[in-house]
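As given in TrEMBL:
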- 381-393: compositional bias 'Acidic residues' (COMPBIAS)
- 394-409: compositional bias 'Basic and acidic residues' (COMPBIAS)
- 380-439: region 'Disordered' (REGION)
- 47-64: transmembrane segment (TRANSMEM)
- 70-89: transmembrane segment (TRANSMEM)
- 101-122: transmembrane segment (TRANSMEM)
- 186-208: transmembrane segment (TRANSMEM)
- 258-286: transmembrane segment (TRANSMEM)
- 293-319: transmembrane segment (TRANSMEM)
- 339-372: transmembrane segment (TRANSMEM)
Amino acid sequence: MGEAAGARSAAGAISPAARKVAGGRRNAAVTGHEETAPRWLRRSAGVSWRLLVVLAAVVVVFYATSRVTLLFVAVFLALVFTAVLRPLVDVMDRVMPRGLATALSLLAGILFFLGMLTYVGYSIATQWDNLSKQFASGINQITQYLESGSLPFTITNEQIAEWIDNGLKWVQEHAGDLASQAAASAGSVAVGFTALALAIFCTIFFLARGSSMWTWFLNQLPARNRETWMTAGAAGWYTFSGYTRGTVIIAFTDGILAFTLLTIMGVPLAAPLAVLVFIGAFIPLIGAPAAMVVAMIVALAANGLWSAVFVGVGIALIGQLEGHVLQPLIMGKQVSLHPVVVALAVTAGTLTAGILGAVISVPLVAVAWAVYSHLRTLDPPMDEGEDDADDARDEGVRGDSTNDSRGERVVATQADGEPATAGPADSRTPDGGPAASST
């Protein structure tokens, strides 16, 4: 031992190779504990923290939105308008200045939207009197069916009258609260017009000089980060624009199919109801059922109970066509979210920000997932049953492990897979020569 110590002191400082070997032995105990965990647990933990990062980003966006709702709504609408109108602007840009193409495209979009609202309002106003009478007749038919129909329960006119009286009493008791809510709603309408004006203003610049604005933003970043931000921005915009355009196409298709169905069934206000179905397509999971209920009420008022039932079934089939055919065909490559994720996102958005949250939740989650998917590094895909095989292999490796003289875990395997012979802990000196004998 004295000769070994002398050789060590004569050699001077410990060589880097010896220091690396010693550090590897010290870290063996730490890595050994990590390898003892089953492979499925390690993989699940990795997926869990990545999912938590995505959810945390969405929560931060929702919190920031709640603090500056007007600004966020305006920017969100501007991005929606830009995604819808940009293909038209790019086509017109080939034959005219981009500023003029932007102005004409935006004017065409505004005229289309105002024309649609005007037509809906005019149709409702001209048919309202007749529709209200038919609606009262339909309600009477339902009451008679409930009172003397073949259902396992009956509801009498006295019970309905009692419910109506209770409803009127509740309205009278909460008249002050309802009035304050109505005043708040009036203020919300003013805020909505302000957000719309700001959105149109932002849309003009996004359409005319969106690319130069994005380039300016990238130039403000350090050079080492520009490529990452450019990749993330391109992935996010590709997903958002694809989702927006796909939703518009699907909404138009739903509206046309609903208009055809209502016209065949002889339901009045077919065009306004089709517009309602078009608007409902922008609210995932909630919009279509709401539009279906309104259409069923109108069909009930006009043509009776069975007409309302057929209308409800028809609109439900349109929804199935949308979910299983149109969405995979139109948005399959750009937006790929599991239905469970969509349901959770819509629920969280609705609880956080009401209807606004329900509208923006799915595109936000889709954009966050697209950005994360482009920035992450994928491991090789796992085959079915691989977890069990890996666990068995890990158990075999742990069974072949041994301890050195200092209690550290050392896997006793060689490169060719044969067991290695466990020798002394320090068989060589730090300078690479054989260790001195202690005898």
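A Cβ is built for glycine as well, from the same backbone N, Cα and C atoms used for every other residue.
Just so you know, TrEMBL annotations never went through curation; they're auto-generated.
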Any contact between the transmembrane segment (186-208) and the transmembrane segment (258-286), i.e. 3 or more CB pairs below 8 Å with pairs at least 6 residues apart?
no
Sort out for me which stretch, of 47-64, 101-122, 339-372, has the most Cβ pairs below 8 angstroms to the transmembrane segment (258-286).
339-372
What same-chain residues lie close to the transmembrane segment (339-372): Cβ under 8 Å, and 6 or more beyond its ends?
50, 53-54, 57-58, 61-62, 65-66, 69, 73, 76, 232, 235-236, 238-240, 243-244, 282-286
By a Cβ-Cβ criterion of under 8 Å, what residues six or more beyond either terminus of the transmembrane segment (101-122) are in contact with it?
81, 84-85, 88-89, 92-93, 200, 203-204, 207-208, 271-272, 275
In the same chain, which residue numbers or ranges, 6 or more beyond the ends of the transmembrane segment (47-64), come under 8 angstroms Cβ to Cβ?
72, 345, 348-349, 352-353, 357, 361, 364-365, 368-369, 372, 376
